[in-house]
Amino acid sequence: MVDATLAAIAQPAQTDPDAALRARRQPLARRRYALEIRQHMGWRRQALILAAALLAGLAISAAILVAAGVPADELANEFVMQTFFDGQNFRAVLFQAAPMILVGLAGSLAFRARFWNLGLEGQMIWGAIGATAVSMWQIGPEPLRLPLMFAAAIGCGLLWVLGPAWLKIRLGVNEIISTLMLNYMAANFLLHLVYGSWKDPKDNFPYSPQFRIFERLPELGAGVSSAIVLAAVVALFAWWLVGVSRAGLYLRFVDANPRVAHANGVPVRRTIYGAVLLSGAMAGLAGLAVASGQEGRLTQAFYQGYGFSGILIAFLARNNPLAATVVALLVAALFVTGRSLQVFYQVPFSMVQLIQAIIVVCVASSDFFIRHRLRRVGGEAVQ
Amino acid sequence: MSGGIVLNWLASTPDFAVPYALAALGLIISERAGVLSLGAEGLMLVGALAGIGAQIAMGQPAVSLVLAMLAASAVSLLFAVMVIWLRVNQVIAGLALVFFCQGLTALVGSLAEWTNHATGGIGAMALWPLSLLPGAGRLFEQNAMVWLTLPIFLAVAWFLSRTSAGLRLRAVGENPQAADAAGIRVTVWRLAAVLAGSALVGLAGAYISVVSTKLWIAGMTGGRGWIAVGLVIFARWSPWKALVGALLFGCIEALIPQLAAAGVQLPQYFVMMTPYAVTLGVMVWVALSRRGADEEPGALGQPYVREERR
């Protein structure tokens, strides 16, 4: 009895403003749905939503391409048939995929440590510069040249990200801005080299002299470069690192909550440094994959678009190394298609970037439907 | 003779400083409401392209600049929907916006054939009594947008710190839960801040294409949007400090052509690195001095999820 009275006294104070609010917010029977946080969704429905988002992104992109003057029937032919079912084009996709996979892995590793490494392009440039320096100055005997180029690419990529990593961990300097600024500085340094002392003396074009045959990533036969094997090995390593090793466990702790991780004895700083430096090293390898695997020399704009693609690949793959490899293959296919559209229909190559951005917008937005749901509240809630 | 160089340098500084100033001011509006706006680089490109398009079509700089503001606001609506309603991570949404705008502007610019299409700009406007000063008078012959930048700053600073609407906007960025409880509509204020801020960022971009260089090239903002993002951190979200920072950057950028004209031999690409190096240096300095660390809007970068309110 007393309890009931107490409850009656206590209740109105709590419920009345709420009810008043509800009455005001739902004047007619219009607000019959309320948004609420969804606790859990089965992976099947998640996959369905993801697929729908991807389809929506592709549909919007297709519409833009058609508006830009590509015939609609040619589009499907170009992307699906020509890219995946034509031997030569499929090899082109694999060729293009190697640096894509590497930058995608680089992005996902850094993002796992909550470090927004937007400096992938800068680290890639430095990786390529390091590899080219070994070739230019003919460091080491010929059979050791390629391993030395690997070491230089890894070292340079790693060093270029060390600065922002240190600034972020020690001083709390925003890594988004610092890594981006370092991209622009690396790009200008590259121009300084290829327009300056590293210019090819043969024809005076702004690129370095060609690498010798033993400085190139070898072909495996049938036009498949070993760069894709390199990428696959690094992907397996990343999968082991993230999924199996102790460091991967630490990374998951740090990703979830650095403070709690620290309290539980996880070496937070070392884990972040490790992930970020490895990320730089992988981006450096991507630079080597382009310079030594594709172009055969240091060129002035080889890096363009890779940084963005790396970030988007990591995001779409939710920082999962194996998923990143698959997404990178698809982005590589998009690149190859983009190049052929550029040749045949004069669609600018920036279209590739636009399509990537549209797909990311769609997928990012679809998260909303995974994390929330609309619940019917019905008319009776409004009295 | 060196006095002439210094005067030339100072006289050309505002032209370099205005895009930084306007973009940083736009970002301050948005970030004061708690929305981290990393898309500035992209929105500047949209403003630059829309401005030059309107300029080629109509040749009225004032109309072009206004249209550029509207275009940037319209594109930022996409970002606003993502971060305010769909609660997408603001970093991812901002980056996606930059990629989207870079692709879109390059596509539209080349399809419409606006690339490298020279247009007429706006002429200098002498600030009358001061421009008659012997020697230093040249400093007061700037284009109308330079003079307009000052009242824009005054208006925004006054709005943010002296009006109740500005107080609401800041409350939304500081503590959205409390603001909501006080009856301030968080989503509406955030949307308004993003749209208004983006308009200024678009104006900054249009200044580069319509007023300064008078033509369009894909990716012509060349990282100025990112520098503006850094500038806001340097300015601790205060408009006046952002203006000082923008002038500093303008001074540095304006010095480069002056030195080249004076025959000083500098390695060209190292000189082109300086704005980025200075931005980096400024960020480090801010971190080292740790001044006003508490001035950062409390809810910057966090989506407001009403259903999770406690």
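Yeah, the Cβs are placed from backbone N, Cα and C, and that goes for glycine too.
Annotations in TrEMBL come from automatic prediction, not curation.
Listed in TrEMBL:
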- A:47-70: transmembrane segment (TRANSMEM)
- A:90-111: transmembrane segment (TRANSMEM)
- A:123-140: transmembrane segment (TRANSMEM)
- A:146-167: transmembrane segment (TRANSMEM)
- A:179-198: transmembrane segment (TRANSMEM)
- A:220-242: transmembrane segment (TRANSMEM)
- A:272-292: transmembrane segment (TRANSMEM)
- A:298-317: transmembrane segment (TRANSMEM)
- A:324-345: transmembrane segment (TRANSMEM)
- A:351-370: transmembrane segment (TRANSMEM)
Contact between the transmembrane segment (A:272-292) and the transmembrane segment (A:324-345) (at least 3 Cβ pairs under 8 Å, separation 6+)
no
Is it true that the transmembrane segment (A:220-242) and the transmembrane segment (A:146-167) have 3 or more Cβ pairs under 8 Å, skipping pairs fewer than 6 apart in sequence?
no
Return yes if the transmembrane segment (A:298-317) and the transmembrane segment (A:47-70) have at least 3 CB pairs under 8 Å (sequence gap of 6 or more), otherwise no.
no
Taking 3+ C-beta pairs under 8 angstroms (sequence gap of 6 or more) as contact, is the transmembrane segment (A:47-70) in contact with the transmembrane segment (A:179-198)?
no
